[in-house]
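Note sheet for the following structure.
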Amino acid sequence: MARNKIALVGAGNIGGTLAHLAALKELGDVVLFDIAEGIPQGKALDLAQSGPVEGFDAKLSGANDYSAIAGADVVIVTAGVARKPGMSRDDLLGINMKVMGQVGAGIKQHCPDAFVICITNPLDAMVWVLREACGLPHEKVVGMAGVLDSARFRHFLAEEMGVSVEDVSAFVLGGHGDTMVPTVRYATVAGIPLPDLIKMGWISQETLDQIVQRTRDGGAEIVGLLKTGSAFYAPASSAIAMAESYLKDKKRVLPCAAWLKGEYGVDGLYVGAPVVIGAKGVERVVELSLNAEEQAMFDKSVGAVKGLVQACKDLAAKSA
Ligand code: APR
């Protein structure tokens, strides 16, 4: 059986880490694509040379032409620019929208059967633009945010309670931004819900509130420390978990920016929710029952995503 093919569009910090993880896990052969000449080729060669040491068999190559992504089973998109000082939200949207347009056209032409994972920010809007541009079925195009935001939440909880991260399970709902909704009621340690753990004295409400806020600010905290870039290790790990669930038909339940068609009262929008990822892509959206407070936070987050998508539509209309 031929190996799977994974195309990474964008060979920057996240793209390079994705390639490394995909190779280490032997998920398939990897193509790194970028507009910057030499970068994808150089990273691919460097990574390939780690193969004999690590003992993985995967072909790694770099390219500046979209024909290289032909026949990819999975495409993970990180192409774009980050917001720089002095750049407005609309400036950033305008630039990354154009990038998503080019990437979408490349996918449509060369690998229309792929499962596509978007990471480029602002995530919830960019995954919508990318889906529009590539025209693939909505269940084959998702955004990576929830696995990362939940991982941050799980890390902080595990650290606070002194337990293994493996035993902490948690979901984050809504958009990828400061309105995201970490679902405290559904977070557990080995099946024990957080509200019970508060009663058991494992964590205080006050500390939990601080962790929820730190999770919401998780990306900004890292930007503040790195100063010249944003997080890339955990974002890459998160997207690889999604790709692996698709390629191996694992049917993992992972929070992703998924196309909602009435779930949670949202119709026709990409918003973060837990979904089952298997060989058909997003196979099911898991609809949790939310209490009034959670629903209000979720609605606020959906409002923020709608605002971003509308800003994209306005920009597109202006440049048409
Ligand atoms: N086509 C292909 N690649 C492009 C294009 C384009 N039109 N425009 C820019 N790129 C490439 C850049 O050359 C760069 O190599 O995208 C890459 C982005 O890499 P980094 O700047 O290192 O960014 P990274 O940290 O990988 O994050 C990528 O993910 O989390 C989000 O906010 C983050 O939107 C950003 C994206």
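Here the Cβ of each residue, glycine as well, is placed from N, Cα and C on the backbone.
For the domain 'Lactate/malate dehydrogenase N-terminal' (5-143), the number of residues in each DSSP class (helix H, G, I; strand E, B; coil) is 67 helix, 25 strand, 47 coil. Summarising the annotation, TrEMBL assigns domain 'Lactate/malate dehydrogenase N-terminal' to 5-143.
Residues within less than 8 Å, Cβ to Cβ, of I119 (NAD(+) binding site) and separated from it by at least 6 positions along the same chain comprise G10, I14, I76, V77, T78, G143, M144, P235, A239. Residues or ranges marked as NAD(+) binding site by TrEMBL: G10, A11, G12, N13, I14, G15, D34, N96, I119, T120, N121.
DSSP assigns R152 (substrate binding site) to a helical segment in the three-state reduction. The Cβ of R152 (substrate binding site) has R214, T215, G218, A234 as same-chain neighbours under 8 Å, each 6 or more residues away in sequence. As annotated by TrEMBL, substrate binding site applies to R83, R89, N121, R152.
Per TrEMBL, the feature domain 'Lactate/malate dehydrogenase C-terminal' maps to 148-306.
TrEMBL lists H176 with the feature active site, proton acceptor. H176 (active site, proton acceptor) counts 28 other C-beta atoms within 10 Å of its own C-beta, drawing on all protein chains shown.
Cα to Cα, N121 (NAD(+) binding site) and H176 (active site, proton acceptor) are separated by 9 Å. Packing around D34 (NAD(+) binding site) is summarised by its Cβ count: 22 other Cβ atoms lie within 10 angstroms of its Cβ, all protein chains included. Following the DSSP three-state reduction, the secondary structure of H176 (active site, proton acceptor) is coil. Neighbour count (other Cβ atoms within 10 Å of the Cβ, all protein chains): 21 for G12 (NAD(+) binding site). Closeness to ligand 1 is met by G10, N121, these being the recorded positions among G10, R83, N121, H176 whose Cβ falls under 6 Å from the molecule. For the substrate site, whose annotated binding residues are R83, R89, N121, R152, the maximal Cα to Cα separation is 25 Å.
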